[in-house]
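Marked as active site by Swiss-Prot on the basis of sequence analysis: Lys272, Arg346. Annotation source Swiss-Prot lists Mn(2+) 2 binding site at Lys260, Asp265, Asp283, Glu344. The feature Mn(2+) 1 binding site is assigned by Swiss-Prot to Asp265, Asp342, Glu344, with sequence analysis given as support.
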Amino acid sequence: MDFAVSNRPLEKSKADALVVLLGKKNDLPQALPSATREQISQFTKAGDFNASKGQLVWLHAPQDLNADRLLLVGTGDSPLSDQGWLSLVHKATKTLASSPVKQAMWLLDDTHTQTLEWQVREGSRVVEESTYRFDNYRSKPAPASNLAKLTFWHAEKDTTLTKAHKTGKAVGLGVNVARDLGNLPPNDCYPEYLSGVARDLGKEYEKLTVKVLSQAQAEKMGMGAFHAVAKGSERQGQIIVMEYKGAKPTKQGPVALVGKGITFDTGGISLKPGATMDEMKYDMGGAASVFGSVKTVCELDLPIHLVAVVAAAENMPDGRAARPGDIVKTLSGQTVEILNTDAEGRLVLCDALTYVQQKHKPHTVIDIATLTGACVVALGAHAQAVYSNDDDLSEALLAAGKETGDRGWPMPLWDEYQGQLDSPFADMQNIGGPKAGSITAACFLSRFTKEVKWAHLDIAGTAWISGGMSKGATGRPVPMLTRYLMDNA
């Protein structure tokens with residue numbers, strides 16, 4: 001999708017369609033020619049459009065405009081929230097994409113509480129996401145959309161808007177990279193495949209270097225927890241390290257992203273139920289969001305030093321697989337009693353977290369994982385859980401989520417929960433019982449991040465949409481992560 005901005009008089013601006021947001025209590029935009037405003041007014045009085053929230057109506061042959069049609073979008077009778085505005089952008093884009101329109105123009109909304117820069121940046125991102133399609137495996141893909149370009153229009157020239165749409169598009173591209181990886185079937189997307197994706201990114205972007213540790217190398221280094229998960233599969237586990245140097249390394253160290261990359265999760269010996277097990281291909285959503293964030297950072301050429309680590313493995317039942325009751329030694333030297341092999345994400349993450357701290361000395365570490373079903377019970381599909389040992393980091397991530405509509409919610413990491421992980425035989429066990437499952441999983445990870453500013457995002461409820469024809473990866477939390485990185489570049 002191509003984007004542009006314009007402040008040419010609307011009468012001289014050629015487009016197949018002009019998108020206009022209208023509320024029940026708002027006057028018609030003065031930027032529209034008087035004849036067009038009168039035409040819309042008559043259209044409304046006739047009952048064809050009442051500006052109710054989410055209503056979309058085509059008005060053909062608008063007067064005194066060099067556009068074939070108007071798409072009228074109702075905003076209702078009260079001010080739109082940011083989330084409501086983004087939802088309307090998504091809905092309008094879907095309508096445009098299913099029409100004959102090739103080039104559309106979007107009349108920016110002076111009545112919205114957010115800035116024009118925000119509207120263009122987040123609008124471009126949502127448009128990029130809304131035109132996404134994944135039909136790689138269909139023998140007869142659906143016809144491609146005609147929509148190729150969207151121009152944001154405002155009467156006053158604003159030099160920030162060009163940068164805004166470029167930023168929005170780059171984030172949207174990153175989101176769609178994450179969605180592509182999540183939507184791939186597990187027979188094609190496995191740990192070695194993800195290594196190939198990383199290497200391809202390294203070839204595409206000069207400032208990105210890639211290193212891959214094999215399962216054997218990881219085991220030799222002492223990653224006993226990671227190896228315990230990976231050894232049950234014919235597919236070899238991989239520790240994938242991508243280092244982006246958009247700024248010179250400093251004594252402070254880089255920011256690190258660490259993603260859980262379980263490309264398929266059967267639960268291992270603690271086998272999951274068969275129903276919806278197909279959706280366990282999405283258990284690499286954390287890794288997918290790391291790849292997507294790296295893509296965006298490279299596209300924007302951000303002036304930061306970033307290290308991104310993906311712990312990629314399959315969790316499969318096998319004669320070599322870890323058993324409930326096994327005790328393993330982690331890279332940190334701490335020992336873990338494995339009581340449930342389906343609590344494998346924290347096992348691969350704990351060694352990846354230790355690795356990135358030992359090798360790269362980051363000042364901030366953020367891990368991202370589809371970690372617990374308990375998080376879905378607590379927060380549903382709207383917010384990812386945000387845990388952190390640093391209040392400023394937590395607040396920065398929550399602010400980034402609010403800014404982009406990719407929202408999170410703060411969760412406790414109180415010492416009182418740590419006792420649920422006590423083991424009679426090892427330093428800790430990998431589950432904390434039936435209560436507060438998302439919290440105890442985060443407490444487990446906190447034991448491997450005591451010396452660094454750290455946050456954990458549990459995205460089990462937000463990484464994909466479950467069931468039905470709308471099923472698919474969402475690409476979250478790429479918008480939150482990339483906004484945080486931009487704010488701290």
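Any Cβ shown, glycine's included, is placed from N, Cα and C.
Each residue contributes its Cα atom, and for Asp342 (Mn(2+) 1 binding site) and Lys272 (active site) those atoms are 8 Å apart. Ranking the recorded positions Asp265, Asp283, Glu344, Arg346 by Cα distance from Lys272 (active site) puts Asp265 first. It is 8 Å from the Cα atom of Lys260 (Mn(2+) 2 binding site) to that of Arg346 (active site). DSSP classifies Asp283 (Mn(2+) 2 binding site) as helix under the three-state reduction. Arg346 (active site) counts 27 other C-beta atoms within 10 Å of its own C-beta, drawing on all protein chains shown. All protein chains shown were included, and the count of other CB atoms within 10 Å of the CB of Asp265 (Mn(2+) 2 binding site) stands at 26. According to its DSSP assignment, Arg346 (active site) is helical. Listed in sequence order, Val229, Ile262, Asp265, Gly268, Ala313, Asn315 are the same-chain residues six or more apart from Glu344 (Mn(2+) 2 binding site) with CB atoms under 8 A from its CB. On a Cα basis, Arg346 (active site) lies 12 Å away from Asp283 (Mn(2+) 2 binding site).
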